[in-house]
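Quick look at what Swiss-Prot lists:
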type     : residues                                  : note
ACT_SITE : 98                                        : active site, proton donor
BINDING  : 7, 8, 9, 68, 139, 199, 200, 201, 223, 224 : FMN binding site
SITE     : 35                                        : site 'Interacts with tRNA'
SITE     : 95                                        : site 'Interacts with tRNA'
SITE     : 176                                       : site 'Interacts with tRNA'
SITE     : 276                                       : site 'Interacts with tRNA'
SITE     : 278                                       : site 'Interacts with tRNA'
SITE     : 299                                       : site 'Interacts with tRNA'
């Protein structure tokens, strides 16, 4: 069984990848998508979104990182995939699942699920362009507005050369609205000969158990569930192995919050760092009552010094506040 950290544009950047993979329970992670239009990108474009390439394509914790590309031009994607490999990418992942309207309007992401022939052509050209030892993988949704074409799309990707598929079990139109249709993951597995990862609505160990039962998928990709519960991978791995596991407490999480904030201040401008901190903290409120208290304190705060104080001394007494 493999447990992967999902690529989430605007959320799971190199800072959050670093922090989440320190926790453990993640076998590999993926960059935010690198947008490919009509030209060969400069190396700096890859360095910006995938700085781990400078350290052997691994996070500081040693977790392998894969490079994800998004676009609709098979030849241009192939050229950029080859460059990514030259820069050290160990795997090329192709994005056919992004639901963002701005991305879809420019023929990127989930809108391409309307064109299974193009999906096949993209994967085929990328597969031809990169070294034989570099896997090419694909992430897809069930379709744009209906899952009716999901099996045709999955077949096109697999036959084009995808080493595995990650299936986000919702359509583009459904976005992130529950439920995830895990039964479609099972149907995809029935028609392709490559491994299939289940993705979508896995927030807890019980969700994982239900997903495995319905989808039949052994491998999973965790997105928002892991962001809101950083040790979810460890919890699932323990349940899989029949081991006892004590979930991460708020006290355990605080050092990670502070490390995230330290890196955010070092890598982002004072204008943007507070927003990134609040973005992650808001997602943590789903799993930690203490995060609700801290988020209420930080919600309207944009001063980095005051945020640092709240994450320091005051953060240490939050458990008492909610007890």
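A Cβ is built for glycine as well, from the same backbone N, Cα and C atoms used for every other residue.
Feature map: annotations from Swiss-Prot on the structure.
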residue : record                     : Cβ within 10 Å
7       : FMN binding site           : 27
9       : FMN binding site           : 18
35      : site 'Interacts with tRNA' : 19
95      : site 'Interacts with tRNA' : 25
98      : active site, proton donor  : 25
139     : FMN binding site           : 28
176     : site 'Interacts with tRNA' : 12
200     : FMN binding site           : 30
223     : FMN binding site           : 20
276     : site 'Interacts with tRNA' : 21
Spatial neighbours of residue 278 (site 'Interacts with tRNA') that are distant in sequence (at least 6 apart) but have CB under 8 A: 295, 298, 299
All-chain count of other Cβ atoms within 10 Å of residue 299 (site 'Interacts with tRNA'): 10
Nearest-integer angstrom distance between the alpha carbons (Cα) of residue 9 (FMN binding site) and the residue listed as 'active site, proton donor': 9
C-alpha spacing of residue 200 (FMN binding site) relative to residue 176 (site 'Interacts with tRNA'), in angstrom: 8
For residue 278 (site 'Interacts with tRNA'), the three-state class that DSSP assigns: helix
Three-state secondary structure, which DSSP defines for residue 299 (site 'Interacts with tRNA'): coil
Proximal residue to residue 95 (site 'Interacts with tRNA') among recorded positions 35, 139, 223 (C-alpha distance): 139
Pairwise Cα distance for residue 223 (FMN binding site)/residue 98 (active site, proton donor) [Å, integer]: 13
